[in-house]
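Inspection log for the structure reproduced underneath, given as structure tokens.
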Amino acid sequence: GKRILREQDAFEDTAYAWSTRKKWILLTVVALCQTSMNFNAAIYSNAVGQINEEFGITTARMGMVAFLVPYAFGCELWAPWSEEAGRWIIMQLSLLGVNVSILICALSPSFAGIIAGRVIGGLSSAGGSVTLGMVADMFDPDSQQHAVLWASLWSCLGAVIGGICGGPIQQYLTWRWNFYIQLLFSVTTQVIHFLIAKESRATVMLDKEAKRRRKASDDEIYGPNEVKGGFWKRFDRKEVLKTMWRPYQMLIFEPIVLFLSLLSGFADALIFSFFESYGYVFAQWGFSPVQISLALIPLAASYILAYFSFFPVVRRHAQRRANGEDLAPESRLWWLLFQVVLLPLGLLGSAFVASGPPLHWSGVIVFSVFIGVANYSIYYATVDYMVAAYGEYSASATGGNGFARDFLAGMCALYTGKMYHRLGIRNSQLLLFGLATAFCLPVWVFYYFGPQIRERSKFAQELAADKSKRA
């Protein structure tokens, strides 16, 4: 019987009504959080050799697996809590857990302690599920493309920045400094988020506004969460478990989510495998750790190039919508049709220029740019397509995508070294070329046959039914 304050009643009190400047300030803070977490994932690779030497082991690279695989699950663990308790507090708790985990690694007297710290760090990393949720808090699907472009850019750049910084740390400092520098970056990120970021979750903001109105007058109005009682009272275990299961359900049973997530995960795993394979490739030219790190700079530049390449596409889509055209979700895959081919082309070209002197090392750099452009484009375009195709289920669809990226990136630490040692550089990259070709084919299938495939989707059918009821 209580009157509830809804979004349509107080639109001006939600993040949708924020100014463009305020939205982009939060987007930039979100981007910094994403960069910090992926930085932590990648820079560890440069500490592997020293950790092996320190503890007399050969398995230090398992620290990559210990972080990235729990990271894949951590993203999905945090998302439902952010929808109930709010984005700001959940991101603060996530960053706090990450900082504690880094400190455990830095001070650990054993490799087991490092593994424990890395597992805690992975599970503590809220990652893309929460950061993309914050984008959805501020923008509707038709106006969020530039925001998703920005968030995607820094998600990709975070890992490469970690690789670039890792070389000098490896060459001039001890392995514990690898973690101290992670900690410095992560603590700085948490402080910036604490001071600048604002709550963006609509239900939490409406609760706050309802309390303000009751205090200012006798208006008996309540927020959407208030009427359900306190946090633990309204916390529905079955509903949360259902929400947490949905990304995996969509990843397994939705062909669009499954095949595009496998492509996105494969592309991301390639980047993480670079942190190990570059050591084998550039050792042929006598590169030092610092020089190997510098070789990653063109990869970072390729992400920025791919970022700007989408601007004309987004502008054209906006113009068509302004003219009254109803664009199918598959339109968001159009530019990817051309860029995805750069992934197998980059691997094929690299296979024939990475065989060492007398060939020049610059050939490897050129083809790494191809792979970088494809990786960024795959990540952004698949997320953008899933948001448009799955509507209210888009968080679960993109959650499955993020899970595949982190999980497959973690798995690459198990096979990269063995593959390059057993098959050699050229054959390893030819094998990856074949896999890339197979993973890229679904992009064309979904672009041309996506509407028919979505017609058979349980989730898409529910959305279509809801849309017809509203009409």
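Cβ coordinates come from backbone N, Cα and C, glycine included.
Annotation comment: TrEMBL describes 26-454 as domain 'Major facilitator superfamily (MFS) profile'.
Annotation comment: TrEMBL describes 24-44 (among others) as transmembrane segment.
Annotation source TrEMBL lists transmembrane segment at 64-81 (among others). Here the transmembrane segment (64-81) has long-range neighbours at 37, 40-41, 44-45, 48, 90, 94, 115, 118-130, 133, 240, 243-244, 247-248, 272, 395, 399, 402-407, 409-414, meaning same-chain residues at least 6 beyond its ends whose C-beta is under 8 angstroms from one of its own.
Positions annotated as transmembrane segment by TrEMBL: 88-109 (among others).
Residues annotated as transmembrane segment in TrEMBL: 115-136 (among others).
Summarising the annotation, TrEMBL assigns transmembrane segment to 148-173 (among others).
The feature transmembrane segment is assigned by TrEMBL to 179-197 (among others).
Using a Cβ-Cβ cut-off under 8 Å and counting only residues 6 or more beyond its ends in the same chain, the transmembrane segment (251-272) has close neighbours at 41-42, 45, 64, 68, 156, 159-160, 299, 340, 343, 347, 371-372, 374-375, 378-379, 382, 385-386, 389, 397, 400-401, 403-413, 432, 435-436, 439-440, 442-443, 445-446, 450, 453-454, 457-459. Sequence annotations record features per position, and here TrEMBL assigns transmembrane segment to 251-272 (among others).
Residues or ranges marked as transmembrane segment in TrEMBL: 292-313 (among others).
Positions annotated as transmembrane segment by TrEMBL: 333-353 (among others).
Under the heading transmembrane segment, TrEMBL lists 359-379 (among others).
Within the chain carrying the transmembrane segment (430-449), a Cβ under 8 angstroms from the stretch's Cβ atoms is held by residues 256, 259-260, 262-263, 266-267, 270, 330, 333-334, 336-337, 340-341, 343-344, 347-348, 351, 385, 419, 423, all 6 or more beyond its ends. Feature annotation from TrEMBL assigns transmembrane segment to 430-449 (among others).
For the transmembrane segment (292-313), the list of distant contacts is 46, 145, 149, 152-153, 156-157, 160-161, 163-168, 271, 274, 278-279, 282, 334-335, 339, 361, 364-365, 368-377, 380: same-chain residues at least six beyond its ends, Cβ to Cβ under 8 Å. Of the candidate ranges 148-173, 179-197, 333-353, 359-379, 148-173 has the most C-beta pairs within less than 8 angstroms of the transmembrane segment (115-136). Cβ atoms under 8 Å from those of the transmembrane segment (179-197) belong to residues 25-26, 29-30, 32-33, 35-36, 39-40, 43, 47, 88, 91-92, 95-96, 98-99, 102-103, 105-106, 165, 169 of the same chain, restricted to positions at least 6 beyond its ends. Per-stretch counts of Cβ pairs under 8 Å to the transmembrane segment (359-379) identify 333-353 as the leading one among 88-109, 148-173, 333-353. Beyond the ends of the transmembrane segment (88-109), by six or more residues, the same chain brings 33, 36-37, 40, 78, 81-82, 116-118, 120-121, 123-126, 130, 176, 179-180, 182-183, 186-187, 189-190, 193-194, 197-200 to within a C-beta distance below 8 angstroms of the stretch.
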